[in-house]
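Positions annotated as domain 'Major facilitator superfamily (MFS) profile' by TrEMBL: 6-394. The transmembrane segment feature in TrEMBL is assigned to 9-30, 42-63, 75-93, 131-149, 161-181, 221-243, 255-272, 284-302, 308-330, 375-393.
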Amino acid sequence: MEPAAKQKVIYITYLIAALDITWLFLQFSITPYLARRLGFDTIWFGYLQTTVGVIQLLGGPIYGRFADVFGARAALSVSCLASVVYFLLLAVADNTFMLFVHKLPAVFMHALPGAQMVVADLSESEKRADALGKLGLCFGIGMIAGSSLGGTLSTRFGEKFAASFAAVGSFVSLLLVLNFIPKQTKIQTMPESNKKGSSNSVFNLGEITRLMKFPGVAKTFTVKIISGLPAGIFQVMFSIIAINFFQLKAEQNGYLMAYFGVVQMVIQGAVIGRLTSRFSESSLLLLSVGISSLVGLAQAVMTNVFHFCLIVIPMMFSLSVFNVITDTMLTKSVSPSDTGTMLGLCASVQSLLRTVGPTIGGFLYETYGVPSFGYIQWIINAAVFSFLLTTGGRSQPNRP
């Protein structure tokens, strides 16, 4: 592909990602209220969240492998089609069973990892971190648009209309994929050994787990899980913290989410690109883990929402830099034919956090209170920071 054509596909991919995040946050304005109306308490709502986490944890690596084998267009089409079914089921959900059933298509809903694969495949190696960072800008736009749109549509027209609107929006995303995303975005074709029986290799766990044997992958992946665990637990429990600890009403919580989105947009769109052009990935990884540790200490001593608003800036900075840099390092560590699988594994980390987060977070909240989240983040990230400082940067060179 010509450079101009590649850039056009990347811009369309950004649009598809922004739309997907918009529909995702739109349903966040539907599901909690629908669950409450159907009689869900906090425990059952936690079960619902855990169900989604488990489903996407199982689907992430397989989706990534599917993208590597069948190409970007097929992978993103499957994700958008699954979103259409997901929201149609949500629109007709009128009992507890259907509310759980409507989560099943989430096993295929991985548009963001699919978009990351397209961007990683079409961007130059030295500009990959900046290009992936721009997807975070799309995330911020989608967060703001989806939260606002979901609340407005649900309030004025009802939850069924809002869910149906999201289904139509997902279908629009599907049309964009079919018309603008090329069938294959990878520069290098897959090795012959992988082409044989490629339809079966999608579910070949050996093909997925072998990526951990590439130089530097196991170390970076382990750091991604351990360092990201405390922040992931806090994010999962934030809705409870906002209501019970900060005493926020629904409208105030919406404003706070919009503030998150604005901060993330600024960091992902204007800051990360400049940092990656001046500093090495290992230095930025060390910086993000160090700041995350300090953020944990600040969270442990905060007492009101104003304190938290001040903490949000370094918190979003450390999270954004950490996620972009680890994803970049991991995709550079494997061959171009395996970027989709690797990004699927990266997405499964977030699903893992959503799976164990409600259980661990609920125990910590009920037993030790909100400060416990901060102290654990401080201790764990301080330990990871010391480990990275002791072992230095990546010991093995990236794969070409």
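Each Cβ is built from the backbone N, Cα and C atoms, and glycine gets one as well.
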**Study point:** For the transmembrane segment (221-243): best-contacting stretch of 9-30, 131-149, 161-181, 255-272, 284-302, by Cβ pairs under 8 Å
**Key:** 284-302
Check your understanding: List, by number or range, the same-chain residues at least 6 past the transmembrane segment (375-393) whose CB is under 8 A from its CB atoms?
Key -> 219, 223, 226-227, 229-231, 233-234, 280-283, 285-286, 289-290, 292-297, 299-300, 364
Practice item. For the transmembrane segment (42-63), find every same-chain residue at least 6 residues outside the stretch whose CB is under 8 Å from a CB in it, and list them. Key: 31-32, 35, 75, 78-79, 96, 99-100, 103-104, 106-110, 113-114, 202-203, 208, 236, 240, 341, 344-345, 347-348, 350-359, 362
Point to revise | Average pLDDT across the domain 'Major facilitator superfamily (MFS) profile' (6-394), rounded to a whole number | key: 83
Study note, to complete from the structure: Same-chain residues at least 6 beyond the ends of the transmembrane segment (308-330) with a Cβ under 8 Å from one of its Cβ atoms are 116, 128-129, 132-133, 136, 216-217, 220-221, 223-224, 227-228, 231, 246, 256, 259-260, 263-264, 267-268, 271-272, 275-276, 281, 284-285, 287-289, 291-292, 294-295, 298-299, 302, 342-343, 345-346, 394
Review point. Residues sitting near the transmembrane segment (9-30): Cβ under 8 Å, six or more positions beyond its termini, same chain?
Key: 1, 76, 79-80, 83, 87, 90, 111-112, 115, 118-119, 122-123, 131, 134-135, 137-139, 141-143, 145-147, 149-151, 153-154, 159, 162-163, 165-166, 169-170, 172-173, 176-177, 180-182, 185, 257
Review point. Which one, 75-93, 161-181, 255-272, 284-302, has the most C-beta pairs under 8 Å toward the transmembrane segment (131-149)?
Key: 255-272
**Study point:** For the transmembrane segment (75-93), distant same-chain residues with Cβ under 8 A (at least six beyond the ends)
**Key:** 16, 20, 23, 27, 30-31, 34, 63, 66-67, 99, 101-103, 105-111, 114-115, 117-118, 160, 163-164, 166-167, 170-171, 173-174, 177-178, 181, 340
